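Straight from TrEMBL, the features:
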type	residues	note
COMPBIAS	207-230	compositional bias 'Low complexity'
COMPBIAS	416-425	compositional bias 'Low complexity'
COMPBIAS	431-446	compositional bias 'Basic residues'
REGION	191-241	region 'Disordered'
REGION	403-446	region 'Disordered'
REPEAT	36-65	repeat 'ARM'
REPEAT	303-340	repeat 'ARM'
Amino acid sequence: LLRSGSDEARCHAAAYLQHLTFCEEDTKTRLRTLVGGIILLVNLLARPGSVNLRLGVLGALRNLSFGLGQEENRQLATAVLWNLSASPALRKDMLDTCVTPLVNRVLLLTPDWNGPLAASLIAFNVRSTGLACSAMPLALCAVLRCAVRNTDLDRKSIENCVCLLRNLLFACQETADPNYQPAESIAPAQLNSNSKSGKSGGGCFGGKSSSNGGPSSSSSKKKQQPQQKPASKEATPQQPLAGGGGRISLLWQAGTLSSVLLPIIADCANPDTLEAAAGAVQNLAACDWQPSVEFRAQIRRDKGLPLLVELLSLDADRVVRTAATALRNLALEAQSLKLIGQYALEALTSRLPRRNSPIANSPETYAAVIAALYAVVKTSPVYARRLAELGGPSGLILIDRQKKMQQRAQMPPPQQQEQQEQQPEPDMRQHHYQHHQHHLVHSQVI
């Protein structure tokens, strides 16, 4: 009838299809699968016809486009985007095309959502692109705040959002500070680091030991900095920051991030989410600009230090590593350093290996714990003595011995034999100990 030459017949057929497809999923499915069914309805709109014919066709198309499974379709669509974003060749195009619509149409429009609607955003390893989408950080905070309010923190989608927020906040000073310079750092007095050496932190970079074996200063990249200069104080939280249309600066207002991250650290049971939340604190506390200075103070005021100390007692290696690095970065503030020395020194020392106990942590975790201990004891003889009382030196010696044993095990057999031969024989040591200086220096004057 839709192909009929009679306008009245086509009008009745379209109206009949409109009524048949109203709230009838089976009928709509059959019509969708019918070859040429939807195309025929669309073509009728392009032909001249009566108003009633157009109303009937539009009504049928409206019913066909509506379905009760829209939520499932939306999740499937975002899952497809997630899988496509795993391809390095497609990632940049997807970032340019999909990030803003996903944020504006999914995250911002569904503040009380229960499903994994943010899954499509997680595979995007975004930093500058995410900040360029000015609504993304605030949308993530809104979603996480809703999850905190509903005490629903163990979902995969929450883990994804926290991981994405951590990635966005990595090297945030470098990305968002218009006055950032790689060799720039605020004055030691402004950092409250109590550093007697005059050396300041490594900007947004750190979190691992420097190449010479000593601790570098705080976050996620290994990078050495030249002599630091006092930084400009222009980039305050109240000013709009580059890359976010001013919205990114709202993240630095008092309590915006700490009110989201600290409840997750306190109540979440997912180790991956805990690691991501502690990593966000680590990244935020690592930088040298004024927002990070205020964030370190805010974490202390909001009782965030005890929560990070509790993470040191978990069996998750990566959580312990990230928590130790976060404490190390927070120790840049003098008051936080004092509290960490008083209440976290024992927990940090307990992560060192003990004699007659198996080595439980990875070398990277031991490096993070040692760096945190160094940040605490390097300017305080009191904390250094406390570390010795807790058995810290013996744990450090065991780590050093383990490292040497691993290095020796990696040597080729001929090199192992040569090194063994260079060591003095045990039965000869007592013989050497019996000789003193007067035995080796000839006393006769010629």
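Just so it is clear, glycine is given a Cβ too, placed from its N, Cα and C backbone atoms.
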Query raised in the report: Which sequence positions outside the repeat 'ARM' (36-65), separated from its termini by at least 6 residues, show Cβ-Cβ distances below 8 Å to it?
Result: 2-3, 7, 10-15, 17-18, 21-22, 28
Query raised in the report: If you run through the repeat 'ARM' (303-340) with DSSP, how many residues end up as helix, strand and coil?
Result: 29 helix, 0 strand, 9 coil
Report summary line: Across the repeat 'ARM' (303-340) the predicted model averages a pLDDT of 93
**Report entry** Per-state residue totals over the repeat 'ARM' (36-65) - DSSP helix, strand, coil
**Finding:** 25 helix, 0 strand, 5 coil
